[in-house]
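Have a look at the structure below, then the notes.
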Amino acid sequence: MANPCRKLLFNIYMGFYCSTIMPKMCICSQLSMSSTDPFNKDPGAFPVATNGEPFPWNKLRLPTMVIPLHYDLLVHPNLTSLDFVGSEKIEVLVRDATQYIILHSKDLEVMNVILQSEEDLRYRKPGKKLNVLSYPAHQQIALLVPEKLMADLRYSVAINFQAKLANSFEGFYKSTYRTRGGKTRIVAVTDFEPTEARMAFPCFDEPLFKANFSIKIRRESGHIALSNMPKVKTIELEGGLLEDHFETTVKMSTYLVAYIVCDFNSVSGTTSSGVKVSVYATPDKWSQTHYALEASLKLLDFYENYFDINYPLPKLDLIAIPDFESGAMENWGLITYRETSLLFDTKTSSASDQLWVTKVIAHELAHQWFGNLVTMEWWNDIWLNEGFATYMELISVNATYPELQSDDAFLDVCFAVIKKDSLNSSRPISNQAETPTQIAEMFDAVSYNKGACILNMLKDFLNEEKFHKGIIHYLKRFSYGNAKNDDLWSSLSNSCLGDFTSGEFCYSDSKMTSNTLAFLGENVEVKEMMTTWTQQKGIPLVVVTREGRSLRLQQERFLSGVFKEDPEWRALQERYLWHIPLTYCTSSSNVIRSHVLKSRTDTLELSENSSWVKFNVDSNGYYVVHYEGRGWDQLITQLNQNHTLLRPKDRVGLIHDAFQLVSAGRLTLDKALDLTRYLQHEASIPALLKGLEYLELFYHMMDRKNVSDVTENLKHYILRYFKPVIDTQSWSDKGSVWDRMLRSTILKLACYLNHAPCIQKATELFSQWMESSGKLNIPSDVLNIVYSVGAQTTVGWNYLLEQYGLSMSGAEKKKILYALSTSKHQEKLMKLIELGMEGEVIKTQELSPLLYVIARNPKGQQLSWNFLRENWTHLLKKFDLGSYAMRMIISGTTSHFSSKDELQEVKLFFESLKAQGLHLDIFQIILETISKNIKWLEKNLPTLRTWLLVNS
């Protein structure tokens, strides 16, 4: 799944947010948990079903006495009455004798259940009707059998069921779109990850219960049906209905099942290995599918070669869904996407839009191996799916689209999660999760971003060749099965041809590659090292103290918002220790040196005198570095004298670490700001953008707090200091991807700061666009800027809202909606929120990013906060509590607060929710973030004010 912050992947809007089992082994041997039958225990120990009878199972996880082998599923959605009927036959294997079968079922009406034994099937006996008990609190049903099911025998369970198409984004739900002619069309679509297959058909809805699926879909002649596998035939039924039969799937988990009934059009191509790839969209958006097809063909070819495993299905469909909560979902053979994550409009899609679409396609295609072919045993290890898919974005896009320069963008994947991981309220990568809400919360930046970053660090440590061989070993060993953390570490260790733990280098051939970081004389064991990164939360801080050629190293837990002098700091450091694969270079040598820091303190000796030392080369390591004594001064001096002696990524890393250390009270703000003074000579755009990012962050913080003197001085400083960069920007789409992203970023900031030439040019282009009735092609990289300036007048705002309803480009609609949300008129902002709640003009899926950006508008921050509290009940009807959208709404409207009064208001609101039995881990994250903001302002506002007076 692509994480838009979730699948915060991945961000939905770039620029819109700131922000050991052998292969194919029988599932029987994998399901080794206790399978004792509790039915004869005291009924008081078990829940009560809806009919008042005791429910025979009291755990959230399903028992393993019975496991599924094959589902024969028939579904008929009615797109007029907005409901569906279904029937299924589940072939099950009984592992231990039992008198019941427990399945998942949520919001389904189960009408009839028939059990047939192998003998019944052989002699065509009718079978036995079973009683059904329901326990909605666990989303489970119990099928009670009159006679015990015998171990090691197979049975067939036939179930008839029906339900309404869900009015949300989960299970089997309805989606709508408007044609260019204004007609509304209805689509029926599935989205099952992590725990929503149970909303579409009764099933064993846990990743370990893999099975084969034979799917049939009934539809009207004006629609098409799609599913995981190719269609094998269509049968015409009475009344003009058609029934499509699809090939039986490979063995897979329920959350990967998918089927869609729609009237979409497609474009198709074939990979070099013969896989048919098709991209589907609504008829009016068909022209926007071609880039996705090109990218999918290239990426699928790359993955087959890279993994040395052919894509196992005969076809792959990618489909843009009009209503979709996350960025995308990796259903095997039928990948579903939000329209802005798949469609590319050559007229309105910017460079960052292209990079986003390419990365999301790469992410979901990587899942066809990581997640689909090999699946985590349980959701506590979802990072094995999402972390790997995020990491593979880096590898695959670099290989297939080098011109997108995505390698530089990967740094922000790691920097983004450090903000969360440096809070005490963070969590380990591998973390216990049992309830559906807890499982949903696992789809976060820790699973996606941190998972990808520690994999990249491990690749750098082992070297790319050994890491590559290790993941191929992992995929081949666990194909069509399930795996856990230790299985990955074992595969990576065993990828060495020599003895990896003997203290010698790990060779993959007779000659060691130049970037090998397996260290002579040091015992390095992958599992031992990586457990310190997956089983404990947080990120390490490496403190470097230099005395001549001697370097004293110390590791601590890096805590943002908790200072070393705070009384709680020491307690929060206890029991945290990482095995950190350090890399470093010096002023006197470009050679990358390495060392594994396993203890709290250690000492290194430099071989020669150097004026500076820089740790974490190219920012490949997941740790923050602080240089005690004159360490930072020496690096700042080098940046000012000749910054090119430090690698471009190292310059980005220095800027990031410096401002992170300010938030931890380890570095003064003026020192971090001094470091950015060299940027006027910086030619590396990622480094320039990183420095601008922090200055812009401070400006918006001061603007929201209405600290007028600092706001004004910071505005003048940015416009004066970066004037040469601003003045050299053209209002075009020319240049490299990074040239174009710099243009979008710096012109947007300049216009926001009311830089007269910027406002004048944007106003001129907006007027020409209006005069052309929206037909003028404005360069896509400045479209956001032109619309935002135009939205500041009532006439412009109203025209943009009108064009929003007419546009057939998701990329353009995204830019218009952002522009509308920058209005300084609260009634206009409130209208946007109301339209988002209605879901017609502005789709409900846009509500969470809309509230996020309105909350960061000084005129909208109180508005959005009040809206959240006053409309909480209505929001819960639209989004599940633990859903990505709801978490982003809560966080988006509160986490930027920076006063004690606001903190108290949020505390009281969260306490009222807890009193209703509603709780999310994100509550504590938000409270800690607000406390950190308060502390930052108290400590750093006077310093910022003084520094600006000196440097303006």
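From the backbone N, Cα and C atoms, a Cβ is placed for every residue, glycine too.
Listed in TrEMBL:
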DOMAIN    68-256  domain 'Aminopeptidase N-like N-terminal'
DOMAIN    291-495  domain 'Peptidase M1 membrane alanine aminopeptidase'
BINDING   His363, His367, Glu386  Zn(2+) binding site
ACT_SITE  Glu364  active site, proton acceptor
SITE      Tyr448  site 'Transition state stabilizer'
DOMAIN    612-930  domain 'ERAP1-like C-terminal'
(Q) Would you identify which of the binding-site residues His363, His367 has the most other C-beta atoms lying within 10 angstroms of its C-beta? (A) His363
Q: Fill in the CA-CA distance, Glu386 (Zn(2+) binding site) to Tyr448 (site 'Transition state stabilizer'), as an integer in Å.
A: 5
Q | Cβ atoms near Glu364 (active site, proton acceptor) (within 10 Å, other residues, all chains) | A | 31
(Q) What whole-number Å value do you get for the CA-CA distance of the residue listed as 'active site, proton acceptor' and Tyr448 (site 'Transition state stabilizer')? (A) 13
Q) Using Cα coordinates, what distance in whole Å links His367 (Zn(2+) binding site) and Tyr448 (site 'Transition state stabilizer')? A) 12
Q: Mind giving me a neighbour count for Glu386 (Zn(2+) binding site)? Other Cβ atoms within 10 Å of its Cβ, every protein chain shown.
A: 32
Q: Work out how many Å separate Tyr448 (site 'Transition state stabilizer') and His363 (Zn(2+) binding site) at their Cα atoms, rounded off.
A: 11
